[in-house]
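Trainee: One structure, as structure tokens, below. Some questions next.
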């Protein structure tokens, strides 16, 4: 069975940076982003402005779980792709062929017990709120077609609440907590040393 490394934390915490660091020591892996499993806005019965993207129900949790389960069993999947500008799932999918290591990242991957049980190594990125907000603001404006006002509105109305209600509490499930995200050189050194030793020993996490 494939081994799954899960990386979670609030939006803008530095998950992508940590994935990049891991890639230096485990060069062959498949990356699954929970973001691709957002539901299309058209799936909701109410208008877009009322959609809460910072709630577990915003994701297609059943599909996400089934895909991780299949990958763990070394079965390929057709991963969805999410269009953040139009807020809907694209018509095309990407076939993902599993490798010995699967890295899955997302803000709420530790929320559901059934998903947690599939993850062999859980890493939580703990970054201060102000830094995360600034990173999210820059990303959403430059890459997701958002306005300054809409990002601030979303943060104050749903993102901040969702973080404290659903995301931060999942720290208790983490095997490793990395403060300051991808800029904590000491923590990343410890992680890289650990992963390097696992790689030499055949990646037996448990």
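Just so you know, the numbers here start at 1 and follow the chain as drawn.
Yeah, the Cβs are placed from backbone N, Cα and C, and that goes for glycine too.
Swiss-Prot lists these features:
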- 9, 10, 11, 12, 13, 14, 15, 16: ATP binding site (BINDING)
Trainee: Can you tell me how many other Cβ atoms are located within 10 Å of the Cβ belonging to residue 16 (ATP binding site)?
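Mentor: Other Cβ atoms found within 10 Å: 17.
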Trainee: Taking the center of the Cβ atoms of 9, 10, 11, 12, 13, 14, 15, 16 at the recorded ATP site, which other residues in this chain have a Cβ no more than 8 Å from that point?
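Mentor: Neighbours within 8 Å of the Cβ centroid, excluding 9, 10, 11, 12, 13, 14, 15, 16: 107, 125, 127, 132, 135, 181.
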Trainee: Looking only at 11, 13, the binding-site residues on record, which one has the least crowded Cβ, with the fewest other Cβ atoms within 10 Å?
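Mentor: Checked 11, 13; of these binding-site residues, fewest Cβ neighbours within 10 Å: 11.
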Trainee: Provide the number of Cβ atoms within 10 Å of the Cβ of residue 9 (ATP binding site), excluding the reference atom itself.
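Mentor: Cβ-Cβ neighbours of residue 9 (ATP binding site) within 10 Å number 29.
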Trainee: Around residue 12 (ATP binding site), how many other CB atoms lie within 10 A of its CB?
Mentor: 23
Trainee: Could you tally the C-beta atoms, other than its own, that fall within 10 angstroms of the C-beta of residue 10 (ATP binding site)?
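Mentor: Taking every protein chain into account, the count is 28.
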Trainee: Tell me whether residue 9 (ATP binding site) sits in a helix, a strand or coil according to DSSP.
Mentor: strand
Trainee: Near residue 14 (ATP binding site), how many other Cβ atoms are within 10 Å of its Cβ?
Mentor: 25
